[in-house]
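Taken from TrEMBL as is:
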ACT_SITE  E99  active site, nucleophile
ACT_SITE  E103  active site, proton donor
DOMAIN    10-213  domain 'GH16'
CARBOHYD  N107  N-linked glycosylation site
Amino acid sequence: MAKFEKMLVALFICAIVPNIMLVCANFSKSMYLTWGVQHASILGEDLNLVLDQTSGSAAQTKRSFLFGSIEMLIKLVPGNSAGTVTAYYLSSTGSQHDEIDFEFLGNITGQPYIVNTNIFTEGKGNREQQFYLWFDPTTDFHNYTIHWNPTQIVWYVDSLPIRVFLNYENDGIAYPNKQGMRTHISLWNADEWATRGGLVKTDWSNAPFRAKFHHFRARACKWNGSVSINQCASNVHANWWTSSIYKQLSYAQKSQINWVKKNYMIYDYCTDTKRFNGQIPPECSKPQL
């Protein structure tokens, strides 16, 4: 299909399906800076965040979503990034908030970044899974996607699934399906915990630290209040994320996620019996794929 024809199809979808938001726009139309505005920037398809001793920086989307696919290309802080955290996450607000996280924990030069994933439901988190990456995330842009539907949440890196969180709400396990969430991006100093548990501090002689973001896309259901809870979850053609192919990973995707876990997972809360005093969270005893 020609590029012009693809644009027409996208515009047609946006026009006929009012509750669906296919963000055909760029960063400048979809997001705004929330702090550190003095040294961060948004220009068209590009967003640049900066951290120095005066401040980090952050941005968020202008609207909230409930279900869909959120993606962007990220190029992380190069060199000695120890103590810094680049965060890309979905979150609602309040003490009972829901949240789905990608956090990239910096490290000293030559040591790998750690990708920290987490999920909060009704204000409760502590569901971390951590991974090394199989490439250098500072030399080029890579795709990081959160796919979220009524059945499961999947974290993707360059189209490879690295983690799944399934909906076991019928078994009394909370699932994020009743609160709209905005997309947030931030770069900040967290040297009290980010690198080797806080043993390695931020070296400010390397500042300013810069993370770059490109090509933000949200193919997602617009949050319009409580009416969206049923509207965005209904199994209709417009809600493409509810179709059967997205209700579980394919056989090939299961093989991919098992490869990632075998070779690159470095922490899984479900196996940390000491942390939970032997009382592993209930979803950990359920099938994970």
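Along the chain as shown, the residues are counted starting at 1.
Placed from the backbone N, Cα and C atoms, the Cβ positions cover glycine too.
Keep in mind that TrEMBL annotations are predicted by a computer and have not been checked by a curator.
TrEMBL feature annotations superimposed on the structure.
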residue: E99; record: active site, nucleophile; Cβ contacts under 8 Å, 6 or more apart: Y89, L90, S91, S92, N118, I119, F120, G125, P176, M181
residue: E103; record: active site, proton donor; Cβ contacts under 8 Å, 6 or more apart: V85, T86, A87, Y88, Y89, V115, N116, T117, N118
residue: N107; record: N-linked glycosylation site; Cβ contacts under 8 Å, 6 or more apart: S81, A82, Y113, I114, T195, V200
Task: Looking only at the domain 'GH16' (10-213), report the model's average pLDDT.
output: 92
